[in-house]
């Protein structure tokens with residue numbers, strides 16, 4: 001993503017080799033900006049920002065517990081707990097989404 005390439009020139013970590021083209025650099029999953037001399041032009045992007053969320057769709061839940069698990073036991077495992085609706089896991093894993 002374009003925002004992953006916005007950083008100060010001094011923060012750039014080399015991701016290419018001398019003479020790499022913009023196209024070759026981007027194909028390698030790196031950022032390219034040749035506007036500042038003396039720093040890497042092909043550089044590693046910032047890591048993607050992600051966060052954990054509990055899925056809103058009850059049918060998208062992936063079981064993280066066992067029958068009769070309590071909310072406290074479930075949350076201690078690092079999972080989500082919602083005791084409704086019937087017929088789906090009440091203790092279930094988070095989903096990771098990009099911001």
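The backbone N, Cα and C atoms fix where each Cβ goes, glycine too.
Pulled from TrEMBL, these are the features on record:
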- 15-30: disulfide bond (DISULFID)
- 25-42: disulfide bond (DISULFID)
- 54-80: disulfide bond (DISULFID)
- 64-79: disulfide bond (DISULFID)
- 74-91: disulfide bond (DISULFID)
- 1-46: domain 'P-type' (DOMAIN)
- 52-95: domain 'P-type' (DOMAIN)
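The Cβ of residue 30 (disulfide bond) lies under 8 Å from the Cβ of 15, 16, 42, 43, 44, 45, each of which sits 6+ residues away along the same chain. Mean pLDDT of the predicted structure over the domain 'P-type' (52-95): 94. On the backbone, the CA of residue 25 (disulfide bond) and the CA of residue 54 (disulfide bond) stand 36 Å apart. In this structure, the CA atom of residue 91 (disulfide bond) is 5 Å away from the CA atom of residue 64 (disulfide bond). Within the domain 'P-type' (52-95), the DSSP-based counts of helix, strand and coil residues read 9 helix, 8 strand, 27 coil. Across the fold, the C-alpha of residue 79 (disulfide bond) and the C-alpha of residue 54 (disulfide bond) stand 8 Å from each other. Each residue contributes its Cα atom, and for residue 54 (disulfide bond) and residue 64 (disulfide bond) those atoms are 12 Å apart. Counting every protein chain shown, 23 other Cβ atoms lie within 10 Å of the Cβ of residue 91 (disulfide bond). With a 10 A radius on its CB, residue 25 (disulfide bond) counts 21 other CB atoms from all the protein chains.
Residue 74 (disulfide bond) counts 21 other C-beta atoms within 10 Å of its own C-beta, drawing on all protein chains shown. Within 10 Å of the C-beta atom of residue 64 (disulfide bond) sit 18 other C-beta atoms, taking all shown protein chains into account. Shown in sequence order, 54, 55, 61, 64, 74, 91, 92, 93, 94 are the residues of the chain, 6+ apart in sequence, with a C-beta less than 8 angstroms from the C-beta of residue 80 (disulfide bond).
Cβ packing within 10 Å was compared across the disulfide-bonded residues 15, 79, and the lowest neighbour count falls to 15.
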